[in-house]
Amino acid sequence: MVPLVLAVADTSYASVVTPTPATAGRADREPPPRSGLPHLTGRSAPSPLWADRPAWLSPSRPRPRPRAVAGRPVPGYPQPLVILFVLRSAHPQASLPAGPVTPYARPVFSLLIVAAVGLGALAGSLLVRPGYRLAVEPERAWRDACPAGHPLRARAAGWVGWGRCAGCLADGVPRYGASPFRLALVTAGCCGLAAAVAGARPELVVWLLAAPPLVLLASVDLAVQRLPDVLTLPLAAGLVLGLGICALLPGSDGSWPRALLGGLVLTAVYFVLFLINPRGMGFGDVKLAPSIGLILGWYGWDHVFFGTFVGFALAAGYGLCLVVMGRANRRTAVPFGPFMALGALGALAVGGLAG
């Protein structure tokens, strides 16, 4: 911000102190230059306060006011720099889209968030059927039929939908699985937060693609306390590849090596906790840790530490509430995957607001 202010001051002063024909003849009446100090004669650069100034800048003469010319900006007031200064002061650059700041940056930024929320709502509403098919006990095959007994196709069309197959629609069978409204609302919030944090940077595409699988994993974990490998492992591999591509593109705001290291460190931490207390930490949580570490490590180690702490704090608070209400005891297992995702979202939100 300091170079910008200096640029404004420099340009304004230069437009005023430029000699004019009326003042050019007074150069012979200026005092001689002092030793070791700059002396401006015909130059349009600011001088220190203790340097010799032109005679017309003395306190006895009023400072001339710039005059406006039709079709031209007022000299001494550089409008582009002033607009840039106001935009940067009103909104942090970390929250604005990447690229040159223009008067249209704020509307574009708002449209970006609205588009991300819309895409998230659409993707979240289609997670009902895959959530139902994947929500089975460990070592059991995925569901291949709806509750009414209609077979679900193994192709992609059988894995995406709002919770009722064609047979259920014909027979009037009510919806099954999680609420599509809740899934759409949660996914829309995640995508909107990702757009607010990343702006128009390349990693926004990665976050938008990673949000629906994370919401689906949280939904399955809440239902049967299971994090399927068919989601956790491809998600981690996709984040490694996607963030690696983003690191090669201009405008990215993260570090790919740090993201990899964050994923490895967080995986090691969760693996140690799994070895210490297998009942409190499932191996599915260990497989989800690389994805959380990659997301948080992309922005910094402070995000990794804060997101991990928030996840554990939320899980502890949830378990304590269950114990107080009499719905669980100290040995009851609590699904930890949703709180890992919430901790990551909290770290991104706090980091984006603080930036």
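Note: Cβ is positioned from N, Cα and C throughout, glycine not excepted.
Quick look at what TrEMBL lists:
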| type | residues | note |
| --- | --- | --- |
| REGION | 19-72 | region 'Disordered' |
| TRANSMEM | 108-128 | transmembrane segment |
| TRANSMEM | 204-224 | transmembrane segment |
| DOMAIN | 214-313 | domain 'Prepilin type IV endopeptidase peptidase' |
| TRANSMEM | 231-250 | transmembrane segment |
| TRANSMEM | 256-276 | transmembrane segment |
| TRANSMEM | 307-326 | transmembrane segment |
| TRANSMEM | 333-354 | transmembrane segment |
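Note on the domain 'Prepilin type IV endopeptidase peptidase' (214-313): mean pLDDT across this stretch is 93. Within the same chain, residues 134, 201-203, 205-206, 209-210, 213-214, 216-217, 220, 256, 259-260, 263, 284, 287-288, 290-291, 294-295, 298 sit at least 6 positions outside the transmembrane segment (231-250) and bring their C-beta atoms closer than 8 Å to a C-beta of that stretch. Through the fold, the transmembrane segment (333-354) approaches residues 94-95, 190, 193-194, 196-197, 214-215, 217-218, 221-222, 225, 227, 279-282, 284-285, 288-289, 292, 295-296, 299-300, 302-304, 306-315, 318-319, 322 of its own chain, all at least 6 residues removed from its boundaries and within a Cβ separation under 8 Å.
Residues 95-97, 160-163, 175, 177-181, 183-192, 194-196, 199-200, 204, 208, 211-212, 215-216, 219 of the same chain, all 6+ positions outside the transmembrane segment (108-128), place their C-beta atoms under 8 angstroms from a C-beta of that stretch. The DSSP breakdown of the domain 'Prepilin type IV endopeptidase peptidase' (214-313), given as helix, strand and coil counts, is 80 helix, 0 strand, 20 coil.
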